[in-house]
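S.K.: Take this structure first; my questions come after.
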C-alpha cells in the first residue's frame, strides 16, 4: 500500500486543498459570515497548501520515503511535481481575482 | 497429467452449467464479461435509435415528427442510456472479460459479485426501457436538474424512474469497481509487480477508484431528490431552506469525473493496442501511468466548470477555469506518448489502427473545444448551445466509441476464436467517421449561431436549416455504419474460420491461452518477469498448458487461484472460489423488488425486500471458508501458501476497505451538501436547530465506543457490546429527531433525518456482521478460519462508530455556533 499511497497522495492533497480553499472562499463570501473580511485567509490557506506540497515533494524526491522500483519512483516524482505546480496554478486566483464579486 | 487431461479436469471444475441454466448461475468472468458486453451493445443500439429520432426531428424547421413531451423523453433517455447503460457497463464488461486474462489469473476477486452486478444492471436497465416503451420515461434531461425534475416540474412517475432506476444500475458499477480494484491489486500472476503490470490494468485501476469516489455524490443526490419527491423533504426547495444548485454540485461532482471514467478505459485500450499495431512497446510507460493518475484526480476538481453561468463569484470561476485548463496537460502527455510510440514503431494500417487514427483526429478536436469552454467568457456565450452538444460528442464518441471499436476489432479474435476478415468493417469505418464529422462538426456552428440545446423544434430563417439537414443526413450515414459493424461482428462470430492463438503477435498474457478462452483461462498460472511476457518468452503458452506454472495440478478439484503482494507481486495465498450458483440473480431480483417498492410507492415491499437482501447476503457469506483450517498448501513451482480465508487480510477485507471508500465518499458528499446549504442557501437558519444536549451526546459517545469495542471482542461479548452501542445511538437519535419531528418542514430538518438514518443504518450493518462472526464460531469455525471475517466485521464496526460521532457533531454544531 505504501507504493499506492506514494503515487496517490500528492494529487489527493491537491484535491483536498483545492476543495478546502474553494469552500473557505464560499464561507468568506457568504452573507452569514460575520468574521473579518478580505482575501488574506485565502492567501494563507493557498500558501499552506503549497508548503505541504513542497514538503511532500521533498519527501518523495529525497528518498526519505523510499520506493525500490525505479519506474514507480520516477512516476511518483512526476506526480508530486504535477501536484505542486497544479496547486500553484489553480490557487493563483486568490492573489489576483476579486474575491466576492 | 498431459495437457488434454488437465484441460478436461479444469473445465469440469470451472465451466458454467450447460444451456439456459448456465446463463443464470454462471459466476465465470468470461461468460459474464460477454453477457455484459452484449447487453451494453443492446443499450447502445437503443440509444442510437433514439439519437436518430432526435436527428429526424431536428432535420427540418417546425418539424411535427414528435411532440415536445415525446421529444423530452427521447433526448433524456438518449443521454441516460448512452452514459449509464452503455458507456460505463461496456467498460465493466470489457474489464470483467479481460482483466483476469491480462493479469494472469483465473477469475476476478469476487465471482458472485460479478454476477450480482450484472443482474442489477440488467434489471435496472430493463426498468428504464419499460418506462420508455410505456411512454413514462424520464423527461427532465439526463442531468435531472431540479426544479425541472422536482414534483413541481415533473409531477408524474417519469423522474422517479430515473432516480430509482439509475441508482439500481449504479450498484452494478460500484460492485464492478470494488472487484476490479481488488483484482488488480491482489490477483495478479506471481512476479507481476506494479511496474510490470499491463498498462490497461493501470487505467482500469484508476477508473475503478474513480467510480468508487465519483458515483457516491450522484447516488446521494438521487436519494435526496427522491426523498423530496416522495416525502416532501425539501433539499432542493428554496422556500424551505433548500437550494436547486445543491443538485448541480452533487451531479457534476459525479458528472465531470464520469467523462474521464469513460475516457480512461478507452485510453487504456489505446495504450495496449497502439504499440502492437506499431510493432513496438509503449513509449513512456511511467509518464503514461502518471498522466492517467493525474487526469483521474484532476477531474474531481473541475465540476464547477459545468456551472459557470449559475452566478458563482469570479474567484470561484477562476479556480475552476485554471483547473480545467490544467487537465489538458496530462491529456497531451498521453497523446504525445502515443505519437512517440507510432514514431518509434512500424505501424501497420489494420482496422484497429484505423479506428485509433480516427480517435486521434476526433478526440484532439474535442479536447481543444474543451479548452475553449474552460475559458469563462467563451463558456458564457456557448453554454447550453449546440456547441456544447458537438463538443461532448467529439469527446465521448471520439474518446470512447472509436477506441472501443478499435478494441472490438483487436480482441474479436480472442472473443470468438476465429480469424477475422474486415471487409465489412472497413466499409463501416468509412461510413461512421465521415458521418460523425458531418453530424457534429457542423453543429459547432449551429451552436455559435445561437441554437439552444434541448429544443424540440426551431423556426426557419435563423441560418440553422442547412446545418441541421446535413447533420441529420450524416447522422443516418453514421447509423448505417454502426449497423454494418454489428452485422460484421455476427458474421465473424458465426462463419469465420478458426484463427491462430495470437494473431497480432502481442506481448500481453491474454494471448497466452487458446481462443476462445477456456473457463479457467490458464491451465497453470505464469510467473511474470516482464511487462510483455509473451515477447520475453514465446513458449510461455505451451509451458502453461503443460502445467509448468502455479496451480497446474487440479487434484484438489476446486476453483483455485493465487493472490500476490500488492507492490512486488510475490505470491501470498491460495484463493478458493465459489462454484456456480443462482444466488446472485436471486439477490439482484430481490434488490429489484426493493427499488420497485419505492418506485410504485408500495412501501410495504421495501422492508420485506430489504430483509430478503440481508437473508441472501447472509447465505452468500455463510458458504465462505471451511470450519477447520487447511494449513499451507502446495501451489506448484515449489511454493507452499496458506488459504486466503485463513489469513488476516482475506479478499473480503480488501473488498470492504474499498466499499468503505465509496461509503465514506457518500458521507463526505452529504456533509458537503449540508455545509453548502448552511452557508449558501437562502432561507437559513431554520426556525430552530436541534440541540442534542449532554445526555444525547453521552449516549452517542458511549454507543460509538461500545460498537468499536464490540468489533474487537468477537463472539457473544462483541455482539452484546455492539447491540448495546446500537441501542445507545438509537436512543440518542430518537432524542434528536424528537426536536425536529417533521423532516418536510425545512432542509435542515430533512438533513438531520438523513444523517441520523445513515448513522443508524451503519450501526445495524456492524451489528449484523458481528452476529455473523459469532454464529460462525457457534457453527464450529476455528479461530483461524474466523480471523478474516472478524477483521472485516471490525472494519465495519469502526466505521459505524466514526459515523455516529461525525453525525452527532454535524447535527449539534450549528446549534452550538448559533
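Each residue, glycine too, has its Cβ placed from N, Cα and C.
Note that TrEMBL annotation is computational and uncurated.
The annotation domain 'Cytochrome oxidase subunit I profile' is assigned in TrEMBL to B:14-529. Residues annotated as transmembrane segment in TrEMBL: B:118-137, B:161-187, B:199-225, B:259-278, B:424-446, B:466-491, B:574-597, B:603-622, B:657-681, B:716-738, B:750-775, B:796-817 (among others).
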S.K.: For the transmembrane segment (B:716-738) and the transmembrane segment (B:796-817), does the number of C-beta pairs under 8 Å, pairs 6 or more apart in sequence, reach 3 or more?
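M.R.: Counting Cβ pairs under 8 Å, at least 3, so yes.
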S.K.: Between the transmembrane segment (B:657-681) and the stretches B:118-137, B:161-187, B:259-278, B:574-597, work out which stretch tops the count of Cβ pairs under 8 Å.
M.R.: B:161-187
S.K.: Any idea what the model's mean pLDDT is for the domain 'Cytochrome oxidase subunit I profile' (B:14-529)?
M.R.: 95
S.K.: Any residues 6+ beyond the ends of the transmembrane segment (B:574-597) with a Cβ under 8 Å from its own?
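M.R.: Hits for the transmembrane segment (B:574-597): 16-17, 22, 24-28, 106-107, 111-113, 115-116, 118-120, 122-124, 127, 164-165, 167-168, 171, 187, 551, 558-563, 603-606, 608-610, 612-613, 616-617, 619-620, 623-624, 633, 635, 641-645, 651.
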S.K.: Where, among B:161-187, B:199-225, B:603-622, B:796-817, do we find the most CB pairs under 8 A to the transmembrane segment (B:750-775)?
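M.R.: When the Cβ pairs under 8 Å are tallied, B:796-817 comes out ahead.
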S.K.: Counting only residues 6 or more past its boundaries, what in the same chain has a CB within less than 8 Å of a CB in the transmembrane segment (B:796-817)?
M.R.: 656, 660, 663-664, 667, 671, 674, 678, 685, 689-692, 696-697, 700-701, 703-705, 707-708, 710-711, 722, 725, 729, 732, 736, 748, 752, 755-756, 758-759, 762-763, 765-766, 769-770
